[in-house]
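What TrEMBL shows for this protein is this:
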type	residues	note
COMPBIAS	22-31	compositional bias 'Low complexity'
COMPBIAS	36-49	compositional bias 'Pro residues'
DOMAIN	215-317	domain 'Fe2OG dioxygenase'
REGION	1-49	region 'Disordered'
Amino acid sequence: MGWASAAATCGRLQPGGGGGESSSTTTTRTTQMDPSCPPFPQPEAPPLPLQLQLQPGLPRLELPTLDLERVGGEDRAALVAACRDLGAFRVVNHGVPGELRRRLLELGKQLLGRDTFELKKARPGYFWGTAALKSLRVKEVNWLEGLHVDLVPGSSSSSSQVGDGDDDDDDGWMRIRALMAEYGDHMARIARKLFDALAAELGLDHHQAASYLAERQGFLRLYRYPPCPSSASCLGMEPHTDSSVLSIILGQDHVGGLQVIRDGAWRDVAPAPGELLVNLGDMMTAISGGSYQSVRHRVLASRPSTERVSCCYFAFPQEDAVVEAPSGIGGGVYRPFSYREFREQVQADIKAVGTKVGLSRFYATATSSIEWTPLESGEWRGREKPS
Ligand SMILES: O=C(O)CCC(=O)C(=O)O
Ligand SMILES: [Fe+2]
């Protein structure tokens, strides 16, 4: 069975779900199976997760826009305000050549869309579904694929030397890696600049500023959200906060799909040509003692006639650096911990409860007596067990 049977499941969806989906999703489609994707989950699509239900009609969210060349100086206050408020902002004047951005997304889209799922599966770094967050509850509804590339800063040989057409370089897969390496150098540079401005604001010393953002730990994920046979019952990527210090998203100029939670409601982030979107992650929240927000976000599944391509950079602390907010900032909300500890806890939680619990595991107060309950938003809330 292929997409035609999957489309039949659309008929049982609740109205109002699926972010911009029109009622046309209730009609049966007879789309052919897409060979670039695995078979759609059968016999039934998974139940509609509660968090898919949207508050319809809210305007797109315009994020604050910051000039990278000014964040260390006259725009530092605006940067800090954006970090305290939502934990997401746009960056302009970032110095990443438009041609590099264009070629990266174009080639990624071409390669991921061209090869069959079976062929891609064998490629190093290729994944289907949400690589880091695979939740047992909803893993099947993440309709996306991607290529994960670890970065070694400064190692990129300029990809501009590599041509654009189809040639003998392993059908373009080596070229995309070269482009990603070059793009990754820009990301490391931008992350450093943003982080140093925030580190100065927090009063971190030189050693902390260096170990809390370690360029060698950074990686890139190139994503394709292929047309989804049942886009109203699936997500492209489930709601989450990033575990990183900060993440930088490059999306296509006019393709939306990314949403963030603002005042308890999911809001579309307006795509803005040429800009990069920065999300703060959990590590930044910990480093700032909870002063800066890690923003909760998700990506809608692409509707049948559309697809989204994006490239996301993630910056992390050194694995064993003890992350701790400077005294006087944040009032000791979190106990000191290393990123390695955090990652292991996330993996253990995914195994045990089916999803990432996240930073609330690291509250300074003892958590062994805490009972965890899932919320409708997809978050987990801890409560003291009655004694
Ligand atoms: O593709 C996007 O725009 C967002 C990806 C994302 O949130 C992530 O990789 O954590
Ligand atoms: Fe994310």
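Every residue gets a Cβ built from N, Cα and C, even glycine.
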What counts of helix, strand and coil residues does DSSP assign across the domain 'Fe2OG dioxygenase' (215-317)?
6 helix, 53 strand, 44 coil
Need one number: mean pLDDT over the domain 'Fe2OG dioxygenase' (215-317).
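Over the domain 'Fe2OG dioxygenase' (215-317), the predicted model scores a mean pLDDT of 92.
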